[in-house]
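Participant: First the structure, which I've put down as structure tokens, then a few questions once you've had a look.
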Amino acid sequence: MLDTIRWDADLIRRYDLSGPRYTSYPTAVQFHEGIGPFDQLHALRDSRKAGHPLSLYVHIPFCANICYYCACNKVITKDRGRSAPYLARLVREIEIVSRHLSREQVVEQLHFGGGTPTFLSPGQLRELMSQLRTHLNLLDDDSGDYGIEIDPREADWSTMGLLRELGFNRVSLGVQDFDMEVQKAVNRMQTPEETRTIVEAARTLQYRSINLDLIYGLPKQTPDSFARTVDEVIALQPDRLSVFNYAHLPERFMPQRRINADDLPSPGQKLEMLQRTTEQLAAAGYRYIGMDHFALPDDELASAQEDGTLQRNFQGYTTHGHCDLVGLGVSAISQIGDLYSQNSSDINDYQTSLDNGQLAIRRGLHCNSDDRVRRAVIQQLICHFELAFEDIETEFGIDFRSYFAELWPDLERFAADGLIRLDAKGIDITSSGRLLVRSICMLFDRYLPSLNRQRFSRVI
């Protein structure tokens, strides 16, 4: 399952479509306002009855500085006092949620994201973790996967020591690019030394895993400059790497309007960056997990992919997909059984709801039977690059070929083009098709607009 990916420029040009990242199916685009707090409470009670383990996501939206490329839900402020009122509401949300869960439900996974979680003071971080431990069953023996996103400019050795003391054992560091011209163009000045210091601290303090985030396609980047950044990152030997494609959508994300579109690399240059990056990482011993993610062979993600247990949810690739995911904080998304739900993305609305003693769920959806079938298919393909029809047929009581009869001509074209191997038993994505797994999964997405589906069929 972990063969080296093969670069096929012709296939990539033909199948390089815009499409979902499939951290869920159906995707968040399908969320509607018919889902509210009552649905969330009902799902939490069902989770309690089933005794499901938990994965928690905690959103801290504050950033001291704006990065022009960013599309996250965030509050830009240098006023550290703004976090206190937010934390009071976050604790209130934790209290409400915990009433509908059981102390028997172990929190196997915890992730603090943002924003910049280390925007919080040491005292606030201690208090937040104390409240989580008071109301929910966090593990005390370091066996859980407890991670936090870190801006190396907002952390030092003492920060890393505190976080380790509080129970965090995984860190994800934002790097994006080490080139100074690129950093100036996106308003994120960060020296390699700042990143190296945090990596060294994480190793010394025995964090289990270090992830670094890179972005290709940023203004002022060139294939050569990005290759130098990748070399510098490889020298740091992170356990995992995320290499994201920058999507320039200034009409949707206001900070991106500060980026000069003339400074963006061409599509051809972006493809060259991706090709060289995959080659550099492969030469350095990294495995391609899928969807922009790479890991060392002894990392848990690589091991899970090899033994067939890797999963994917709103936290990305995970070994805890069996957990019910509970999102806490403004804009946070939960996945509890067949319910997807999302908190208000407006911080004032979020806080007002909790002041009134109510959860701030504003949108979401319930998966139907067809969603569950397609979710299982997409999950298997995106995590393992192969699908046994018998597994889906046994789980859902269907005949795979009959159920997806209208897709068969497209699957046969994929096979003829070399993206997949298709036979009576299943689908195997080839080494040439793995970089295009998103395009393959799009075929099974019944919610894609018909225009996109037609475009998807015509590119062959």
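Every residue gets a Cβ built from N, Cα and C, even glycine.
Computed from a predicted structure; not experimentally measured.
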Participant: Among Asp140, Asp141, Asp213, Asp224, find me the residue Swiss-Prot lists at the same S-adenosyl-L-methionine 2 site as Tyr69, Gly115, Thr116, Gln176, Arg188, Ala247.
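Facilitator: So, going by the record in Swiss-Prot, that would be Asp213.
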Participant: According to Swiss-Prot, Tyr57, Gly114, Ile333 bind S-adenosyl-L-methionine 1; identify which of Glu149, Glu154, Glu165 is listed for that same site.
Facilitator: Glu149
Participant: Tell me, if you would, which residue among Cys70, Ile333 (binding-site residues) has the fewest other CB atoms within 10 Å in the structure shown?
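Facilitator: So among Cys70, Ile333, the binding-site residues given, the one with the fewest Cβ atoms within 10 Å is Cys70.
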Participant: For Ala247 (S-adenosyl-L-methionine 2 binding site) and Glu149 (S-adenosyl-L-methionine 1 binding site), determine the Cα separation and express it in whole Å.
Facilitator: 21
Participant: Which one is it, among the binding-site residues Cys63, Cys67, Tyr69, Cys70, that lies nearest to Glu149 (S-adenosyl-L-methionine 1 binding site) by Cα separation?
Facilitator: Cys63
Participant: Taking the binding-site residues one at a time (Tyr57, Tyr69), which has its Cβ surrounded by the most other Cβ atoms within 10 Å?
Facilitator: Tyr69
Participant: Gly114 (S-adenosyl-L-methionine 1 binding site): which of the binding-site residues Cys63, Tyr69, Gln176, Arg188 is the nearest Cα neighbour?
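Facilitator: Of the binding-site residues Cys63, Tyr69, Gln176, Arg188, Cys63 has its Cα closest to that of Gly114 (S-adenosyl-L-methionine 1 binding site).
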Participant: List the other residues in this chain whose Cβ sits within 8 Å of the Cβ centroid of the S-adenosyl-L-methionine 1 site residues Tyr57, Gly114, Glu149, Ile333, in sequence order.
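Facilitator: Result: Val58, His59, Ile60, His111, Phe112, Gly113, Gly115, Gln315, Gly327, Gly329, Ala332.
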Participant: May I ask which of the binding-site residues Tyr57, Cys63, Ile333 is closest to Tyr69 (S-adenosyl-L-methionine 2 binding site) if we compare their C-alpha atoms?
Facilitator: Cys63
Participant: Within the domain 'Radical SAM core' (48-287) only, compute the mean pLDDT.
Facilitator: 96
